[in-house]
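K.L.:
Just lifted these from TrEMBL, have a look:
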BINDING   GLY8, ALA9, GLY10, THR11, MET12, GLY13, ASP31, GLU91, LYS96, SER118, ASN142, LYS273  NAD(+) binding site
DOMAIN    3-182  domain '3-hydroxyacyl-CoA dehydrogenase NAD binding'
DOMAIN    185-281  domain '3-hydroxyacyl-CoA dehydrogenase C-terminal'
SITE      HIS139  site 'Important for catalytic activity'
Amino acid sequence: MKKIAVIGAGTMGNGIAHVFAQNGFQVHLIDVSQDALDKGLAIIANNLDRMLAKDKISISDKDNTLSNIIKFIDLKSGVSGTDVVIEAATENLAIKLKIFKDLDAICDSNTILASNTSSISITQIAAATKRPDKVIGMHFMNPVPIMTLVEIIRGYSTSNVTTKTIMELSEKLGKTPTEVNDYPGFVANRILMPMINEAIETLHHGVAGVQEIDTVMKLGMAHPMGPLQLADFIGLDVCLSILNVMHDGFKNAKYAPSPLLVNMVMAGKKGVKSGEGFYDYSESKKAEKISSQFEN
Ligand SMILES: NC(=O)c1ccc[n+]([C@@H]2O[C@H](COP(=O)([O-])OP(=O)(O)OC[C@H]3O[C@@H](n4cnc5c(N)ncnc54)[C@H](O)[C@@H]3O)[C@@H](O)[C@H]2O)c1
């Protein structure tokens, strides 16, 4: 395998393109937005510069990586001649079902179609195609060049051959692929999101403040980052949407999103991307606004 297509040049797509290109693959990076493609490439160049400054790569590594990436707006030209397509477009069921239906119609019948979705059912995505055995989840973690896990999600019909191929492909990137089955939240988010939700409920019930909750989990549990700060980095809207998928999928109240999380998302406080979540990213840290939301 030499040629890979990545659909979506946002946070995850540009990271995935970066690691494939740095490992010698030719990457076709596809997005509906020219601006997203340009920004994605600029982010990759910037990240490579940082690696260069830390002596982790050479100038020729940087040049080779960038020259391995070609940008495409048109899906059909972008996927032409590629062995694997990795979809990392916006987390929206309708968008993903349309992309996979189109891919099934235009890609070679042997091409494996992978999705980087955080929460949408791989089985449901695969059902939009006539090749469900060749559809699989390839869930990279953010930031992709740094995080070594790839959660490999087998849909109901994903074949052993497809799984083996994608596990081996992930290893070629220096990652550690880990195989899981397709149930809401897979493994990573099924465990992470209830923890984040419980941290938000702990804040909501006034048990402790933002800093205190994060300090307990960082110093007490040796987590590199507290759950509330992590939620800000993931995006509170993303956390809410994943919890909703698990709540709907399992019909179990334990996955019901905290009312405080719902309120914050409705108020536009989405974390780092909106400038404010549990912490204030526009000025100095300000947790006071959140304390006024305490129930008790
Ligand atoms: N952000 C994270 O921390 C994270 C972690 C793991 C997985 N994911 C998953 O990765 C996927 C992408 O997330 P992101 O954070 O990179 O999103 P993002 O919003 O940063 O980027 C999405 C990109 O997809 C493009 N796009 C939308 N529709 C398209 C289409 N039809 N064809 C081509 N491009 C299209 C958009 O223009 C945008 O550039 C989602 O499924 C998300 O759940 C995200």
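The backbone N, Cα and C atoms fix where each Cβ goes, glycine too.
Could you tell me the structural context for the features on the list?
P.N.:
Long-range Cβ neighbours of ASP31 (NAD(+) binding site) (same chain, at least 6 residues apart, Cβ-Cβ under 8 Å): ILE7, GLY8, ALA9, GLY10, GLY13, LEU37, GLY40, LYS71, ILE73. Secondary structure at ASP31 (NAD(+) binding site), as computed by DSSP, is coil.
Of all the Cβ atoms in the protein chains shown, 25 others lie within 10 Å of the Cβ of HIS139 (site 'Important for catalytic activity').
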K.L.:
Among the binding-site residues GLY8, GLY10, LYS96, ASN142, name every one whose Cβ is found under 6 angstroms from ligand 1, counting any of its atoms.
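P.N.:
Those binding-site residues that pass the cut-off, since their Cβ is under 6 Å from ligand 1, are GLY8, GLY10, ASN142.
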K.L.:
In sequence order, which same-chain residues at least six apart have a C-beta under 8 angstroms from LYS96 (NAD(+) binding site)?
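P.N.:
When sequence neighbours closer than 6 are ignored, LYS96 (NAD(+) binding site) has GLU87, ALA89, SER115, THR117, ILE120, ILE125 within Cβ distance under 8 Å.
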K.L.:
Test of understanding: give the count of other CB atoms lying within 10 angstroms of the CB of GLY10 (NAD(+) binding site).
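P.N.:
Taking all protein chains shown, GLY10 (NAD(+) binding site) has 16 Cβ neighbours within 10 Å.
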K.L.:
C-alpha of HIS139 (site 'Important for catalytic activity') to C-alpha of MET12 (NAD(+) binding site): distance in Å?
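P.N.:
Cα to Cα, HIS139 (site 'Important for catalytic activity') and MET12 (NAD(+) binding site) are separated by 10 Å.
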